[in-house]
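S.K.: Have a look at this one.
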Amino acid sequence: SPQGESEVNNLVYWPEYSITACLLSAAFFGALGSSFLYGYNLSVVNAPALYIKAFYNKTWVERYGNPIPAETATMLWSITVSIFAIGGLFGALSVSFIIKVVGRRGTLLLNNIFAVIAALLLSLGEISKSFEMLIIGRIVMGVNSGVALSALPMYLGEISPRHIRGFIGQFNSILICLGVFTGQVLGLPELLGQESRWNFLFSFLAVPAILQLCVLPFLPESPRYLLMEKRDEKAAEKAFQRFLGKKDVSQELEEVHAEARAQDNLHTVSVLQMLRSPAVRWQLITIIVTMACYQLCGLNAIWYYTNGILREAGFAENILPYITLSTGAVETLAAIISGLVIERIGRKPLLIFGFSSMAVFFSLLTVFLYFQNSVAWLPYLSYVCILAVIAAFCSGPGGIPFVLTGELFEQPYRPAAFMIAGTVNWLSNFAVGLLFPFIQVSFLQSFAFLVFVVVCILGSTYLCVVLPETKNKTFMDISLSFARINKMPCPPPGHEIELTLSITPDKNGKTQEVTKMESFF
């Protein structure tokens with residue numbers, strides 16, 4: 001009966017949706033030593049800022065006998081904060097080369113070296129009486145984050161079944177938000193936000209890295225990487241079996257083989273080749289636009305205003321750190337909710353909703369800031385708008401751009417795509433940090449947020465027009481969705497030219513690839 005067939009289909013289909021302990025562990029511990037550290041570094045320098053500046057002045061006096069000039073102090077602090085983005089850019093530019101040599105999981109493991117070195121430099125800088133160690137530590141930590149934000153989404157996207165690929169991919173965003181919140185909590189005066197303890201805030205960087213080093217080596221490498229790039233079908237089959245929790249993974253292996261057969265060039269594509277390829281032109285434009293909007297939508301500028309708005313609302317200075325925790329809590333909660341609903345709602349609606357909501361709340365925030373000196377209770381509404389902007393960002397724009405970068409490109413293009421996306425991400429991050437205070441003070445003042453309203457509206461409009469939904473689609477299906485807009489020919493029904501792979505084991509147990517063209521009529 002139809003009802004019986006439906007029940008059988010559900011039984012057959014259900015294993016596709018199950019989440020194994022191996023897959024969950026790879027997602028959590030992969031993100032813990034990667035995106036968590038990125039989020040932690042976004043917030044960790046805020047609490048000890050005054051103590052670090054005092055350390056800079058004390059070191060300067062001991063070296064030169066005079067207090068540090070105000071301009072020099074400002075410059076050193078600006079370098080300490082902003083050089084993190086420069087390190088991130090270096091990491092993003094190098095990730096495609098590292099991934100090619102050591103793989104996805106290997107890159108995450110190797111990247112922990114940067115985290116441990118940065119933790120040592122940042123925590124021992126005061127003892128060594130060297131503020132240069134803090135600056136070098138920040139750039140090394142930036143390199144770690146630049147590598148992590150490319151390698152981790154790639155790894156998560158390739159180990160996940162397509163039905164839960166978005167959910168697993170959102171571990172990246174959730175752990176970023178959890179890292180921000182952890183930095184805020186540990187920076188409280190009762191914990192490590194004291195003059196005698198601020199070094200330990202940076203020592204903590206080594207803890208997630210060491211935890212990842214203890215767990216991730218026992219989890220499998222990306223099966224797609226093993227099969228398509230290493231040509232090791234046995235290892236890929238074992239990886240699929242562990243991640244999916246079932247013995248028969250022939251369907252998953254065939255899906256990867258089908259993707260390989262569709263590629264004219266199975267070798268990894270360089271950035272220059274990718275920029276010249278018409279086959280991925282609109283995928284590339286989409287990722288550049290999405291990543292630029294991710295940084296230019298104004299969330300970084302929100303942190304610049306939060307404490308000032310709280311002061312205007314009449315909150316005492318000594319309770320500001322505790323109220324600011326609400327921003328990190330809302331950010332983490334919104335990211336978790338987004339991860340839970342992404343496979344039901346889809347990537348495209350969440351992105352459009354997030355950017356559109358941010359535009360609305362930025363507009364309201366502009367109005368409230370303009371009139372806040374006229375009405376006593378308006379600063380409270382301004383703070384509500386700040387929380388709403390943060391929640392809107394984390395509902396979609398805060399994590400989905402990284403998921404999309406892995407989904408819109410097939411295997412040969414993926415490393416170059418993440419390299420380009422990472423470059424756009426870090427350059428945009430640096431531009432916001434450098435230009436926004438200048439724009440706010442010199443030109444627009446409380447109207448500065450209208451710049452972000454324009455960015456959010458343009459971003460949501462572009463995504464509404466161009467981006468196809470990628471939920472529950474194979475990488476090949478997604479590529480075919482872009483074929484028409486890229487003006488690339490699609491194989492007509494009944495007449496396909498297929499690149500068939502014949503894989504045979506060699507004497508070492510590896511596989512050799514023989515290709516031939518077959519025409520089917």
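Positions of Cβ are set from backbone N, Cα and C atoms, glycine also.
Remember, predicted model here, so these are calculated numbers, not experimental data.
Sharing the feature lines straight out of TrEMBL:
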DOMAIN    27-471  domain 'Major facilitator superfamily (MFS) profile'
TRANSMEM  12-31  transmembrane segment
TRANSMEM  76-99  transmembrane segment
TRANSMEM  108-127  transmembrane segment
TRANSMEM  133-155  transmembrane segment
TRANSMEM  167-186  transmembrane segment
TRANSMEM  198-219  transmembrane segment
TRANSMEM  284-304  transmembrane segment
TRANSMEM  319-342  transmembrane segment
TRANSMEM  349-371  transmembrane segment
TRANSMEM  377-404  transmembrane segment
TRANSMEM  416-439  transmembrane segment
TRANSMEM  445-467  transmembrane segment
S.K.: Looking only at the domain 'Major facilitator superfamily (MFS) profile' (27-471), what is the mean pLDDT?
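M.R.: Mean per-residue confidence for the domain 'Major facilitator superfamily (MFS) profile' (27-471): 88 out of 100.
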S.K.: Do the transmembrane segment (445-467) and the transmembrane segment (284-304) come close, with at least three CB pairs under 8 A (pairs 6 or more apart in sequence)?
M.R.: yes
S.K.: I need to check the long-range neighbours of the transmembrane segment (108-127): which residues 6 or more away from its ends have a CB within less than 8 Å of a CB in the stretch?
M.R.: 30, 33-34, 37, 55, 91, 98, 102, 133-134, 136-138, 140-141, 143-144, 147-148, 151-152, 155, 199-200, 202-206, 208-210, 212-213, 216-217
S.K.: Using a cut-off of under 8 Å between C-beta atoms, tell me which stretch among 76-99, 167-186, 377-404 contacts the transmembrane segment (319-342) the most.
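M.R.: Stretch with the highest Cβ contact count: 167-186.
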